[in-house]
Amino acid sequence: MNTTGFDHIRRLFEGPLPPWLTRLARKAGRGINRYGMLGEGDRVLLGISGGKDSLVMALILSLRRRWLPIHYHLEAVHLNWQEYPISDEETDRLAAYFDAIDVPFTQITTTMFPGHYDGQFNCYLCARNRKRLLFTYMKEHDIPILALGHHLDDIVETTLINMAMRGRLFTMMPVQPFFGGLFTLIRPLCEVPESQVRTAVEKLGLPVVKPDCPYKDTNLRLRVKPLVEQLATLDPLAREKIYRSLLNIQPDYLPISLKTGHEYTTVEPEGTDEGP
């Protein structure tokens with residue numbers, strides 16, 4: 001394996017971190033600790049898309065092992081879709097990067113369509129199939145925790161999409177159990193703004209892979225992003241405050257009282273998308 005080009009990444013594990021990376025790691029640590037994501041002896045699978053978010057997540061989780069009093073095992077899996085494969089050169093650079101951060105790396109080449117697929121495909125079905133394949137790997141390798149690279153902006157954008165387009169208040173969970181607790185999905189970057197993730201990629205020259213996905217320009221979160229940016233011009237902390245609002249429910253001022261449990265008749269707005 002050609003490991004040249006990532007010596008600067010290896011050095012991050014030997015000396016002090018630059019201040020900007022320390023700030024990023026602390027924000028990630030705040031979310032990890034708030035939701036109790038990791039503990040002694042945990043085995044964690046990193047779901048790697050090859051995009052900036054999953055690469056930064058992997059780096060932070062590996063770096064944190066330098067100073068934490070607990071030990072946990074990390075390994076990474078990249079699903080390489082047969083329909084839109086990445087090049088051998090890109091695969092080699094990903095493998096070299098994960099070698100530099102001391103995380104075992106596996107690439108699985110498979111179809112993006114589930115076996116029972118018949119009909120229109122979309123981002124939701126792709127993500128669902130990806131989780132299915134990762135859960136299968138986890139079961140085979142006795143790994144109970146799956147880490148994905150969704151950051152603060154992803155959670156905020158998802159919240160707004162669900163409110164504005166589905167008429168419901170729900171979002172990505174920082175910690176989400178599956179199959180009765182058999183597996184747990186964690187999002188270690190849940191409190192890290194996308195801007196800090198982007199800075200890390202630019203400053204460190206991470207080997208970001210951009211598969212030629214036909215849906216990459218129609219993703220709903222991508223289309224909502226300008227709205228979030230506009231809100232941030234009104235208040236630079238708009239992202240953080242929308243996220244914080246999910247933890248600061250005021251039940252006395254909601255149609256459904258969380259205190260009394262009294263529920264009013266649910267009315268779906270006309271034109272509500274009843275899809276998943």
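Here the Cβ of each residue, glycine as well, is placed from N, Cα and C on the backbone.
Given the structure is predicted, the values throughout are model-derived calculations rather than measurements.
Annotated ATP binding in TrEMBL involves G47, I48, S49, D53, G149, D154 plus, out of the candidates V77, V103, the residue V77.
Listed in sequence order, D53, M172, E194, R221 are the same-chain residues six or more apart from D154 (ATP binding site) with CB atoms under 8 A from its CB.
All protein chains considered, the CB of I48 (ATP binding site) has 27 other CB atoms within 10 Å. Around G149 (ATP binding site), the same-chain residues at least 6 positions away in sequence with a Cβ under 8 Å from its Cβ are G47, S49, G51, D53, S54, L55, V56, M57, R187, L189.
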